[in-house]
Amino acid sequence: MENIFGGSEPFRSYSETYLSKGLLLIFVVDSADHSRLPEAKKYLHQLIAANPVLPLVVFANKQDLEAAYHITDIHEALALSEVGNDRKMFLFGTHLTKNGSEIPSTMQDAKDLIAQLAADVQ
């Protein structure tokens, strides 16, 4: 089952309902929005606490921007080392291309990984 919901405040009340039915958790964070990273960390850890074995894929988006934190900084800012050893966890640096016509290789790798994780769970 595939469920997608936004992370903004009005949608957060739905997360527990859908998380229990999902195959994996995909979390997208804006790498260039430094001020919201503490909020993203808090929300992510609430989500993973609700389901401690659900595989986690984190996209550190907007890696093409000069102000973006590198993925190692995102790993630290989101405290991903605290996720636990029992959970499959993957972190990808991503960005959109200017015209959207090409898919960056990182996104293709992520797509393949997500398909494999979903197949493993089913």
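Each residue, glycine too, has its Cβ placed from N, Cα and C.
Caution: TrEMBL annotation is automatic and unverified by curators.
According to TrEMBL, the protein has these features:
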{"type": "BINDING", "residues": "GLY7, ASN61, LYS62, GLN63, ASP64", "note": "GTP binding site"}
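The Cβ of ASP64 (GTP binding site) lies under 8 Å from the Cβ of HIS95, LEU96, each of which sits 6+ residues away along the same chain. The Cβ of ASN61 (GTP binding site) has VAL28, VAL29, ASP30, SER31, THR94, HIS95 as same-chain neighbours under 8 Å, each 6 or more residues away in sequence.
Taking Cβ-Cβ distances under 8 Å and a sequence gap of 6 or more within the same chain, the neighbours of LYS62 (GTP binding site) are ASP30, SER31, ALA32, ALA68, THR94, HIS95. Neighbour list (GLN63 (GTP binding site), Cβ cut-off 8 Å, at least 6 residues apart, same chain): SER31, HIS70, ILE71, GLY93, THR94, HIS95.
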